[in-house]
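Beneath this line is the structure, given in structure tokens, with notes to follow.
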Amino acid sequence: MGLLLLILASAVLGSFLTLLAQFLLLYRRQPEPRADEAARAGDGFRYLKPVPGLPLREYLYGGGAEELAACSSEAGASSTPTPDSPAPPTLETCYFLNATILFLFRELRDTALARRWVTKKIKVEFEELLQTKTAGRLLEGLSLRDVFLGDTVPFIKTIRLVRPVVASGTGEPDDPDGDALPATCPEELAFEAEVEYNGGFHLAIDVDLVFGKSAYLFVKLSRVVGRLRFVLTRVPFTHWFFSFVEDPLIDFEVRSQFEGRPMPQLTSIIVNQLKKIIKRKHTLPSYKIRFKPFFPYQALQGFEEDEELIHIQQWALTEGRLKVTLLECSRLFIFGSYDRETNVHCTLELSSGVWEEKQRSSIKTVELIKGNLQSVGLTLRLVQSTDGYAGHVIIETVAPNSPAAMADLQRGDRLIAIGGVKITSTLQVLKLIKQAGDRVLVYYQRPAGQSSQDSLGQLEESFLSSSCQAAYEEDAAGLSADTENRDLDSEFEDLASDVRVQTELKEETQPLSHSPKRTPTTLSIKPLGAISPVLNRKLISGIHPPPQKLPSKEGNKPSTLKTSETTEAAQVSKPQGPTFKPPVPPRPQGRVPLPPTDTSAQADPEAPEKPDKVLLPPPPADKPAEKQVKSVDQGEDVAAGKQSSAKQEGVKDLPSESSAPTKDSSDDPQMWESSEVLYRNKVGKWSRTRASCVFDIEACHRYLNIALWCRDPFKLGGLICLGHVSLKLEEVALGCLATSNMEYLTKFRLEPPTPKAMVTRTALRNLSMQKGFNDKFCFGDITIHFKYLKEGEPDHHIVPNVEKEKELHLVEEVSTLPKEEHFVGQMSLSENKHSFQDTQFQNPTWCDYCKKKVWTKAASQCMFCAYVCHKKCQEKCLAETPLCGATERRIDRTLKNLRLEGQDPLLGLPPRVEIEANKSVNKTTGLTRHIINTSSRLLNLRQVSKTRLSEPGTDLVEPSPKHTPNTSDNEGSDTEVCGSNSPSKRGNSAGIKLMRKEGGLDDSVFIAVKEIGRDLYRGLPTEERIQKLEFMLDKLQNEIDQELEHNNSLVREEKETNDTRKKSVLSAALAKSGERLQALTLLMIHYRAGIEDIETLENLSLDQHSKKMNKYADDTEEDLDSEISQLIDSQPFSNISDDLFGPSESV
């Protein structure tokens, strides 16, 4: 009985276990894919990077937690493996590789292709040899008589993987199984192999010597034994190379003849020279960068402008609706480094020509309310063109709280027309304003990125620097005049008649008000693609009704955008909050958008040949016109909130949680701008729902121009181009036609942007010394998906709510900076501890901790948040506020000079105290100071650290405060306000005092250097003098950058070495480097004094202008002509060359 019960229980248990196993196998749920993967799979395509399997990952990354930790720590220090890296215990044999190479060699050795390749390489070496100094003097020519490739190939005995293997920082999660191994493919692979060769490769050369002599040389490679390094890498661009780790053992068989007679005496000389060549070119650290045969796509691409287009019947191959989806960008070169973290965005443009970066500016209109005043507060200057064309008038200064200042006219604005009359001279401006009534309509041009904050807090930006696209551009043409005034003059030929029409309509449509009204103006007469549409927005957005609610950044000043895009006077004259995107000019194009009530919504494509009229913003329409560019951004920031009115600073973007699909705010059907994404770990990824747009391509379109941008962290509203690429639409169309689903996905290498002057490419310095380096490959790549939509096919895929919520959550996690802080352009969101560096400042600087002035201009500055403090305040600052608020600090730094409401002086009566206070802070410094400060922040320029300058037991001699001169450029004491027994004074002032003692320099040296520098080039005209001084300052800045890099490398070597003798050598080298840095600093002060001398003269002239404007404000209108003549006689720029600049005029 018991046996039966046991059998029954076993049967029941077996049945239960069988059913349970079947249930688990058949009904278990599959793991859910990630939100972005599911969305792309639902849309018909998936983009996943190749990843190694677990066995390969164990081989690459070690397979153990301890070894992995060691690899990760070493990977952070250096991306290039060194020969001292730890090796796995076992070595690999490569019999399969040797057999494969031998088989391929046997099949290819005697082919014409292989022999042509070998002879071509040999001839290249001959050409390089003839170009050398020594050989070039003796050799007339080299010719190859015979070459034999040998009967075998190099034999690889053993090979090992060099550790550490650096994983790609793509942000992808690790394996969910819990293995502590990177899931991504390596960024760099390096192998070391023991190689032996005795194949008998030889070649015979005929040599033509000078004086008609000839010689014969036979060289045979008998034996080679050595250790070879083979590297595959993606940094900074994809390439490979091989080189010997150390000097190999090489045996040569050499025979030489001179005029038919043997010359055995030359054998040893030739062998030694061949070994030196191998050591110099093919032994680490020297190598040749190679692309073929693994990466042939890295070759440069050209554009053929005259090629014929492909047509199918009467339609061009490219015509249709093209959906473009941005996937990711990687390896971007940002501010001289590949490891920066910042926000990037992309612009796409359809054009008939390749991408070209040009000056961006906006044409604006303002209504100037003159009232009963006889002066509007403007000082003008006529800038003559160097190419023979008529000059143009620019605004030199704007009096505070004057009618011009209330109308938001700024220094550097170019006046185009007044009251419908084109401006050609300053006298014409004076006459037109005098003849006008209480109100006058002014057309002016302003560079992109220049805002009202620049006029209040950054008056040092002159009109010369505003012609540059960013603070790092070096444009010599901008020093004399606007380089594009020929094109601008042609744009305004028909302006006069159009302005009068606009004035009449404006009076009917706009209510009467005492506030100045501003209306953006769009001019479109240039051919398609004449100007690059970098972040362009149409200034006319009346075609589409604006959103109903736009939250304001300042709660007490709600902003209501009208269709005519006018702003009230309070918003014009008061400093507004910074914009999320800077206003930029419209894209001149052939087809002009018209109001939706018009039957002809688009003009003929050939319209560029006809001058277009100035367009007026139409009244609000019932329905928006159908756009040709549609954004399929679900959950994207509502771009319609980014209206391009002249005063959009008070407007925020709508919340990104909007669930309905929105359309891009740009009215340009050929332009689209993506949302910003965080770029870190050498990669930036777009979400599918935030990076798709649809273009309607027509026959006139030939290229899709793509550009990547980031914000300039040192200039409000500034943008820096990181790279661009122009794609032929025919190639895209052919790629889509290759598959039936009409999709095409590929990666494009970015072309370099316009060269920047002061960006030192530190990350590329070592690599650029190698043969085969091309800096055009160093600007990263972008991966894009294309799809031609069929007729009737929807332009976007409806994502389920669950997947959308997951994706929005994923986007929030990777998200970038708060929207209020985007304009600051900080490099990282995370709060870091202060990282202070000793910095030499050029501008008057105040301590952010004790709020007192840094008299020596040498203080400590945080690398992340630009926090400045005295060296004596550094310890207190770290104790109280160890974390740096990068966002708050930069906002405060940017806005600290803005005046608050109610603090402006009365009209025409600026107090003397305010002028004197602003003179010390907001001195007109021109381009030089801004470039120097920017370069200093980027490269963290600092003096020699205390630890390298001081030795134990050195006595410090404190100078008496009475010997400290009253100057801002000398090396005075930072601690004059403290007592002589102050511990902060004794401890933290040691660096400067010790440098002064060791270098043998005191205050008199700095004073003498500065005083002598004030007389530099004084006999030259002002512009020529500025150019010479700035050239020398740029040259010195580059020298300081290089010396600092050399100094830092010596410090690292000194810390790493344990050899006492080597340490002493490095200490001596550090001392010499410190002396050189000190000498370069003195030279910088020397030449900087010349610039300050020019600024002092200009400030004195501006003071005279202010006095005269106050005087003229009380005079009558009948005396205006005589006052103008007096002002011309006493204008402060009479020493400037008359062929470039005319006299300044005050209005």
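Note: Cβ is positioned from N, Cα and C throughout, glycine not excepted.
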(message) Which range is it, out of 53-104, 105-156, 729-780, 833-884, that shows up in Swiss-Prot as zinc finger?
(response) 833-884
(message) Quick check on the record annotations: which of Ser455, Ser631, Ser659, Ser973 is tagged phosphoserine by Swiss-Prot?
(response) Ser973
(request) Run through Ser402, Ser532 and tell me the one Swiss-Prot describes as phosphoserine. (result) Ser532
(request) Would you mind telling me which of 26-47, 246-267, 1126-1147 Swiss-Prot tags as region 'Disordered'? (result) 1126-1147
(message) Looking only at the coiled coil (1021-1056), what is the model's average confidence as pLDDT?
(response) 85
(message) Across the domain 'PDZ' (365-448), what are the DSSP residue counts per state (helix, strand, coil)?
(response) 14 helix, 34 strand, 36 coil
(request) Could you put numbers on the helix, strand and coil content of the zinc finger (833-884), residue by residue per DSSP? (result) 7 helix, 16 strand, 29 coil
